[in-house]
């Protein structure tokens, strides 16, 4: 019986190609665009809308747009007193180009611009390693970014140690947007942690005070908090005080952000199993050690996406300081609409699209990062 | 015996230094906190009194009864510059509620459609919805408001162009200009109350019919045609009554006046800009919530309902959506609250909401503490009422565990 009567195939069959009806581009189109008659109608409508609007938008934004010019006549038609043929409509990027430095730094003295630029460079140099998970020494990095960097940049921006003093009223543009949101972040993290711990504390006075603060601030719009900071704060301080307007806005934004951050962190604290608290107690750790070594590291890691979302919200909300007449990016762009050098019908739209694009880049970047962290931390079981 | 002692603690608490006594420590911490808070409040109060005395002002809400002296462009209740500050604040509050209600309804509808669209099998629709969400939720709402107000609505035809247009087409009833959308206003005749009563009756009858239909379905397994009967009760019945009592409704058409259109109804550009911006901004968040909610319902649920013979529409309506709602409602509540709070951005374009009116009063009278207190009380109340309602709705929708 040793002769070879193997009837079992000793090699694999070549895999056959899937049927053309399932794999060709045509099949993809049929399955993803025209699978039912409703889908077909929707697809045709959407394609029609795209074919109609996209070329128009591209034309307005790029092809018809004016890219160079020194003043408003570059973006006006002949009958409006300019150079372009009548009926022209397009973006006026020449205006953004002309005002670009102002949009970035406000009225910061032009010969001192290296100071905000240096601050920006330091910020990037400290932030990037913090965001990349593989780079070691996160603690030192965070300390540098959240404690040392703000102090150094404060003196760099405002002056001192031989540098010329620059009034905060001269600050403006994207610089102010970034400063306000960064200060909001730096203040709101520790303040939010304290408030969240207070809210979960067993001490009635701490608990009541935290709940009152959090719910009051979260119940009202940011604009009323900003009004409070800008109108009421001077009343609350010793008579004759002259508290800086910029500082008032910072205080308002920080108060607001802290209340929201507290709720995010509270979510993290609640997600930590009771066993962790009890184990820390069993080890004889006191409250401070229990929180800093056991509970908070786990809780904060859990809610990093929530924290980043709060940052995104805060970054967008800084635009509200426009209403208490400060010149952040949106404020300065809006103020430039009234600038007689560039009044044209298309100026507001161009300026707002530019500002919107800048805000969008920052927020979209942050939300992508948050999604990345979420995926990295996600050890849960997907359905 | 020793074991029992250890378990019961043998009566006496362990001897520790008073410094480490938890109860004492907590009491000390709390007293210190209380002292700090009281001192801060006292310091602020003391300064406020001094500051007010310096500025020769008094605190108190008596000013609410004095003459406002400013006009409000959009008012749903009778208001003139001779009305009181209190009346002006009422106008502002009503305008806030109007914009919030309109925004919430639109944002929910758009958000629901876009959220479902993102999960569509249609690749193009899904991508378009994604683009919409990613654009709108990453741009500040204030910028979107300015975009509509300064970038789009301000470029609409001027009122002079409209006058020209009316000369050429005397029958036109709708005009879109940079001062808003003009349209005919309904003028209700004396019998219109009967139509309203018929409508109310129709709604009550529809509710009663739905309850009866549900009971019948439970008893017999057959579902009466609820949709058609209800549509008839709510729409057709009042319509018939409307015709029978002699159509007591006329339209007041807008006609050119000396500087502006006269008559008719106008929706101002401030309202439009705010409404569009708030709805579209919030809709992008609601879309994400809806998407997460639907994805949160396990696929087995819809497969099971197909296995039971439900059609896709029924499966979505009767099985998937009720379960998705449980996931959707809590974050949806906070989006509604955000929209209500964001309606305060009205002040940036001059729509007369609570904050805009209050800001004008604040500038005129200098009563900053009082005005800000009024704002806070009203907004916190609106937030509380909204969350109470949504919590009730959530409890109603929640899984009933047996």
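Just so it is clear, glycine is given a Cβ too, placed from its N, Cα and C backbone atoms.
Residues or ranges marked as transmembrane segment in TrEMBL: B:27-45 (among others).
Away from its own ends, the transmembrane segment (B:93-117) comes close to residues 74-77, 125-126, 128-129, 132-133, 271, 274-275, 278-280, 282-291, 293-294, 332, 335-336, 339-340, 343-344, 346, 351-355, 357, 378, 382 of its chain (Cβ-Cβ under 8 Å, at least six residues beyond either end). Marked as transmembrane segment by TrEMBL: B:93-117 (among others).
The domain 'ABC transmembrane type-1' annotation in TrEMBL covers B:93-390.
The annotation transmembrane segment is assigned in TrEMBL to B:138-159 (among others).
The annotation transmembrane segment is assigned in TrEMBL to B:192-215 (among others).
The transmembrane segment annotation in TrEMBL covers B:227-251 (among others). Taking Cβ pairs closer than 8 Å, the transmembrane segment (B:227-251) reaches residues 173, 184-192, 194-195, 198-199, 201-203, 205-206, 209-210, 213 in its own chain, all 6 or more past its ends.
For B:271-290 (among others), the entry in TrEMBL reads transmembrane segment.
For the transmembrane segment (B:372-393), the residues of the chain that approach it from at least six positions outside its boundaries are 89, 93, 96-97, 100, 329-330, 332-333, 336-337, 340-341, 344, 354-355, 358, 362, judged by C-beta separation under 8 angstroms. Annotation source TrEMBL lists transmembrane segment at B:372-393 (among others).
Nonlocal intrachain contacts for the transmembrane segment (B:271-290), taken as residues 6+ away from its ends with a CB within less than 8 angstroms of a stretch CB, comprise 74, 99, 102-104, 106-108, 110-112, 114-118, 129, 132-133, 135-137, 139, 141, 144-149, 153, 180-181, 324, 328, 331-332, 335, 338-339, 342-343, 345-346, 349, 351.
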